[in-house]
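Report on one structure; see the data block that follows.
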């Protein structure tokens, strides 16, 4: 049994002496594989979070992105389209038989996406290990992200199989109900799980799920994440895919989980739900605010770069830091 687990709202980072005159001097960039990105943040590869338009916007502006895999037949034209514009192609694959053929087809057509994310709910499995090896054999130049996992053993095994990064988080997401439906996962202790996994990792880790505030991005970095995947905070923007509805004079957008009946079109093995989030304005504004908040985090950490956050002290506050006033 794990002792002393904690989640984002149980932790406060402790400030160190500031060395900048303005937070604008702080550098939030991060390198993943061969490319450098403006923020250590990636919108979730979910149908109500990202589409081709948003992927293009993110890539053009030096943000990392991962396209979802829910219209698999569009992936080849997507890769061609992105690369023809001089942008990175970053796609998702599953582990079913036709995905093996898809990888071979990419190799045959000499299409190498810069990033491939093997994306299944329970990533600590032979199915994922086999797919990592298959991709590495046919597309050795692609950077492979494998997940999702929640234990150090899983991180080690996927790294040993050839994964270039692992994605950590089982069910902590806002529209994920894995914890309720199965009793398993990292919901409620995602930050501790991240720390536990990061200690075992020799390659980058992507924290996935449970982020509710911008401060949680800094906390993820403190506990070992290179990149932080975010769903709900990116949902509900003008550009976001999904229906807009009006209720009591307020605008909302739908946001649903990746194994929800809304996404699957059926009610079998449902582990996701749908919710309506308040309409948030433009994605660009949110990304700019995230960058500014992270610059402030870096200045509180007493540094000029993201890495300075990794060494700050922290406290575990057993009463939630939000004193009952939920900020999200």
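Any Cβ shown, glycine's included, is placed from N, Cα and C.
Note that the structure is predicted; figures quoted are calculated from it, not measured.
Look at Swiss-Prot and you will find 176 tagged as active site, thioimidate intermediate. Look at Swiss-Prot and you will find 205-228 tagged as NADP(+) binding site.
Here the features listed in Swiss-Prot are painted onto the structure.
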| residue | record | contacts (Cβ under 8 Å, 6+ apart) |
| --- | --- | --- |
| 205 | NADP(+) binding site | 155, 165, 166, 167, 168, 194, 197, 198, 224, 225, 226, 227 |
| 208 | NADP(+) binding site | 44, 147, 148, 167, 168, 169, 172, 173, 228, 229 |
| 211 | NADP(+) binding site | 8, 217, 220, 228, 230, 232, 233 |
| 214 | NADP(+) binding site | 233, 289, 290, 293, 294 |
| 223 | NADP(+) binding site | 191, 194, 195, 198, 207 |
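Residue 220 (NADP(+) binding site) counts 31 other C-beta atoms within 10 Å of its own C-beta, drawing on all protein chains shown.
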